[in-house]
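Participant: Checked Swiss-Prot, it gives:
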| type | residues | note |
| --- | --- | --- |
| BINDING | 319-333, Thr411, Arg554 | NAD(+) binding site |
| COMPBIAS | 176-188 | compositional bias 'Polar residues' |
| COMPBIAS | 204-217 | compositional bias 'Polar residues' |
| COMPBIAS | 224-233 | compositional bias 'Polar residues' |
| MOD_RES | Ser8 | phosphoserine |
| MOD_RES | Ser10 | phosphoserine |
| MOD_RES | Ser224 | phosphoserine |
| MOD_RES | Ser228 | phosphoserine |
| MOD_RES | Ser243 | phosphoserine |
| REGION | 162-262 | region 'Disordered' |
Amino acid sequence: MSKNKKLSLSGGDTTEKFIYKPKDLIWAKMKGFTPWPGMIVDPPLDLLSQQRRANTKCVFFFGSRNFAWIEENNIKPFEGPWKEELAKVSKPAAFRHAMTDIEKYIDDPAEVDEQVNKSCGAPNHATEADFDKIRDGLDSEEIVGEEATADGNNGVVAHVVGSPDEGDGLDVEINADSSASPVTSPAVTTKAAGKRTPKAKSVAATSVKSTKGSAKSAQKRRTSAQQSPSGPSNAKRGKRDVSGEALQDADEASSTPTGRRRVETDALLASIAAKRAPNAIALLDRPVVTRPEAQVIDMSSRSNTLADRDIVPSEQTFGFLGLGMMGSTIVKDLIYTGHKVVVWNRTIDKCQPFAEAGAEVKDTPMDVVEAADVIFCCVSDPKGAKDLVFGNCGVLQLKDLNNKAYVEMSTIDPDTSLDIGEGIKQCNGRYLEAQIHGSRQEAAEGMLIILAGGDRSVFEECHSCFKTIAKNTFFLGNIGNACKVNLILQTILGVSLVGLAEALALADRFSISLNDIIDIFDLTSMKSPMLLAKGKEMAKGDFNPQQPLSHMQRDLRLVLNMAENLDQSMPVTSITNEVFKHTKRLGYSEHDSSAVFVRSRF
């Protein structure tokens, strides 16, 4: 560091003002803190984006190893008569650690220098000035030179150190590159001392605000900057204009006729990224929505729970319409326990593994009804369930079901169940609604809950099937009762999931470990296997579908329609339904219902 004229500092003492350079060890005073050991460094890119006062230096603090802008009147050299006094001002552990850290740096600077270099990167003080020119409409062709200069140099990097106050000299270090890399070539140092012009509106300030993208305007700016090196008088851009002066001086000092400068593209992009608003960062950092993994049925796997049950298969033939997530798992267990099964699915390829396992495949639902004694249906929504019964080649195309049983396992509303039951009875059939409550994993382990209503004789005939796929089975009486109970249970599940997702999203904003929250939750009386499982999925970001989010939102919609008919107010369920609808719009329709966490988090 070099000395300059005497100035009066904040303490009233008269001392020599120092012009600091990178790697100068100093004492720095921040508001609210005692003087702290630090080092002058080149500012990192994220610090460049912050507004700062004039006459500030970027300081690296030992101990905490972070960066901040400090005014020059709050900086003193580390070595001096004041060192002993300042070292005794504070004795907390953090201060002692900082003193130890700087002493280690004096002995061996390698570790700290490496950390500072990683944070700050290669010094390029022209980056911000060039960025401003691009922002103000300067043509990119005038920023990035495409041809080499007359003497083979690729550009000039000017490093300005010192105070921009009036009357102070400016030390300009000009690294003239005679090869391809300005970092490795020797530096030629030039001293340029001069007085600043008064802070009045200059020609440069006017030309910077001129027409965007015009080559003529760009030429005016360069000419004006050469005529008036003080640059614009705007206080907020004073610091940036100092870098602009240095670039102009460097161009004049170099032997290149064009003086074109290269802009570090990566540095510019990083500077732009540092200026993004927090909401923009959250939006851009949102995870990419990927398709959930395709669910492949492993026909060779066997559930230990199912193997322990003493199941005697019925001699009747069971038809199954729909081989979706739940349907395929149920059919697999029925085949494994020795039941005779006939299957149909809209996508015929899904039937192939079951055909290889011994099931008979039919072309239409009507063909399945002809070949089976009891027909199960498990599709995704009420409309699909109705289409299979009343549609073309549907169940009722036979006209006479000959006392066959039809079991509706799709999640439907009570009115739809009553309509299907009425149609089956009119065609001389028997009807049972058997709502299944549980996840795909519970279905694979035979741990579902069956809620049945309708014809009691059908319920008895399906005893072996229900024992295969469920741990508990309930007969609830008339048609519609089972649908109501199932939708009520789904309401509890949906509201609980949204509450869990919002709570974990809040913990994530506090930077609290989600796994810690779940571990503590497991010790409370609120715990439940379902919430624990969903919480772990949210913490891991594992949204492979056990119960698709679209199915959960469908159930909530059915609940609200059912409540509307009764004039029953359900405000919390309504909000929960909107949350799931929004999550569907984000692209998580086919993911697990725990993906609602993504919506709460972002």
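The backbone N, Cα and C atoms fix where each Cβ goes, and this holds for glycine too.
Map these features onto the structure and tell me what's around them.
Facilitator: Annotation for Gly322 (NAD(+) binding site): same-chain Cβ neighbours under 8 Å, separated by at least 6 residues, are Trp344, Asn345, Cys377, Cys378, Val379, Gly384, Leu388, Ser410. For the recorded site, Gly322 (NAD(+) binding site), the DSSP three-state label reads coil.
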Participant: Can you check which residues sit near Val331 (NAD(+) binding site), meaning Cβ under 8 Å from its Cβ, same chain, 6 or more apart in sequence, and list them in order?
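Facilitator: Residues satisfying the criterion: Phe320, Leu323, Val341, Val343, Phe354, Ala359.
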Participant: What does DSSP assign Ser328 (NAD(+) binding site), in three states?
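Facilitator: Helix, per DSSP.
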Participant: Using a 10 Å radius around its CB, how many other CB atoms surround Met325 (NAD(+) binding site)?
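Facilitator: If we count other Cβ atoms within 10 Å of Met325 (NAD(+) binding site), we arrive at 20.
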Participant: Can you count the other CB atoms that lie within 10 A of the CB of Ser328 (NAD(+) binding site)?
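Facilitator: Result for Ser328 (NAD(+) binding site): 24 neighbouring Cβ atoms inside 10 Å.
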Participant: Return the residues near Gly319 (NAD(+) binding site) by Cβ distance under 8 Å, restricted to its own chain and a separation of at least 6 in sequence.
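Facilitator: Long-range Cβ contacts: Val341, Val342, Val343, Trp344, Lys362, Val368, Val369, Ala371, Ala372, Val374, Ile375, Phe376.
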